[in-house]
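Asker: Quick paste from Swiss-Prot:
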- His45, His47, His62, His119: Cu cation binding site (BINDING)
- Cys56-Cys145: disulfide bond (DISULFID)
- His62, His70, His79, Asp82: Zn(2+) binding site (BINDING)
Amino acid sequence: MVNAIVIIKGLGVEGKVTLSQECEGSPIYINGTVSGLTPGQHGMHVHEFGDTSNGCISAGDHYNPLHREHGSPLDVERHIGDLGNIKALSNGVATISIRDTIMSLFGDISVMGRTMVIHSDRDDYGRGNFPDSKTAGHSGKRVGCGIIAKI
């Protein structure tokens, strides 16, 4: 069993997210809460670098070691870092409960040490007609982020 934690920080945005995985090849469970968001849907992704030295910008692009197009968490063709959308209620709080079978805390494509990012807008899963739909889901600005750390 491997467990990790992410302390999300941003301008008015904060939260705590945990990741747990029994063994390599088993599903990963991602749970937590993020507050300070505008009500509605927000894209959530793991980005390639574990670097928040310049806020969330220094985290790089979506984590995509298999060089696939952006997609939804249910798509076979997707970035490993594509976690879809979280929904903030009218109080600005989003509760996260995700089971994912692509992402891993084990092996060569582990997300450990990388940055989880919450975006200002809804992820269009690569289905929009925007220039950044196929690469970033047209999810908007990075409003909060934190490094995935082993616990």
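Counting begins at 1 with the first residue displayed.
Any Cβ shown, glycine's included, is placed from N, Cα and C.
Relative to the rest of the structure, where do these features sit?
Answerer: Reduced to three states, the DSSP call for His47 (Cu cation binding site) is strand. For His47 (Cu cation binding site), the number of other Cβ atoms no farther than 10 Å from its own Cβ, over all displayed protein chains, is 26.
In the three-state DSSP assignment, the secondary structure recorded for Cys145 (disulfide bond) is strand. Note on Cys145 (disulfide bond): other Cβ atoms within 10 Å of its Cβ, all shown chains, come to 25.
Packing around His79 (Zn(2+) binding site) is summarised by its Cβ count: 28 other Cβ atoms lie within 10 angstroms of its Cβ, all protein chains included.
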Asker: For the C-alpha pair, I'd like the distance in angstrom between His62 (Cu cation binding site) and His79 (Zn(2+) binding site), rounded off.
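Answerer: His62 (Cu cation binding site) to His79 (Zn(2+) binding site), Cα-Cα distance: 7 Å.
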Asker: Within 10 Å of His79 (Zn(2+) binding site) (Cα-Cα), which of the recorded positions His45, Cys56, His119, Cys145?
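Answerer: His45, listed in sequence order.
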Asker: Taking the Cα atoms as reference points, how far is Cys145 (disulfide bond) from His119 (Cu cation binding site) in Å?
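Answerer: Distance (Cα to Cα, whole Å): 9 Å.
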Asker: Just counting, how many other CB atoms are there within 10 A of the CB of Cys56 (disulfide bond)?
Answerer: 24
Asker: Hey, how far is His70 (Zn(2+) binding site) from His45 (Cu cation binding site), Cα to Cα, in Å?
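Answerer: Per the Cα atoms, His70 (Zn(2+) binding site) and His45 (Cu cation binding site) stand 11 Å apart.
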Asker: Centre the Cβ atoms of His45, His47, His62, His119, go out 8 Å, and tell me which other residues of that chain have a Cβ in range of the Cu cation site.
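Answerer: Going along the sequence, the neighbours come out as Gly43, Met44, Val46, Ala59, Asp61, Tyr63, Gly81, Asp82, Val117, Ala136, Ser139, Arg142.
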